[in-house]
Every structure is written in structure tokens, then in C-alpha cells.
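According to TrEMBL:
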- 13-65: domain 'Acylphosphatase-like' (DOMAIN)
- ARG28: active site (ACT_SITE)
- ASN46: active site (ACT_SITE)
Amino acid sequence: STMSSEPSEACVSVDFEVFGRVQGVCFRMYTEAEGKKLGLSGWVKNTRQGTVVGQVQGPAEKVKE
């Protein structure tokens, strides 16, 4: 395999927490599915406090999306 000399897009890692009415509406599953569609890595889970927390990693533009 040959490494490209093209500059690669910067990868970022973002921690997030979503507040509001998010449980009971499949928000965690939706978030996971959207991340997979964008080719991102990470995790997402519901908390006992009624929020959703997670971490997402990937190219900056895809994470922003």
C-alpha cells in the first residue's frame, strides 16, 4: 500500500450531552444510526438524569454535519 501525499482532512473528537426531552423517542438509536451513515466512530448512551451523552470521532466536516 502507498501512503498519499495529499493532506488529509483533520479528524476531531467531540464529547456531547443532550438535554431536554430525549428519552422515549429513540433519540439514542437515531443518533447512532446517523453517525454510522456518516462513517463516524463513537458511542452514545442514555443517562439516569434523563440526558443523552456520547462521543463522536471522525473528519471535522462529517462531525459538524
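Don't overthink the numbers, they just go from 1 along the chain as shown.
In case you wondered, yes, glycine gets a Cβ from its N, Cα and C as well.
Where the annotation comes from TrEMBL, it is an automatic prediction and has not been curated.
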- [ ] Provide, as an integer number of angstrom, the distance between the C-alpha atoms of ARG28 (active site) and ASN46 (active site).
- [x] 7
- [ ] Quick one: among the active-site residues ARG28, ASN46, which has the most Cβ atoms sitting within 10 Å of its own Cβ?
- [x] ARG28
- [ ] Please work out the helix, strand and coil residue numbers for the domain 'Acylphosphatase-like' (13-65) from the DSSP assignment.
- [x] 16 helix, 20 strand, 17 coil
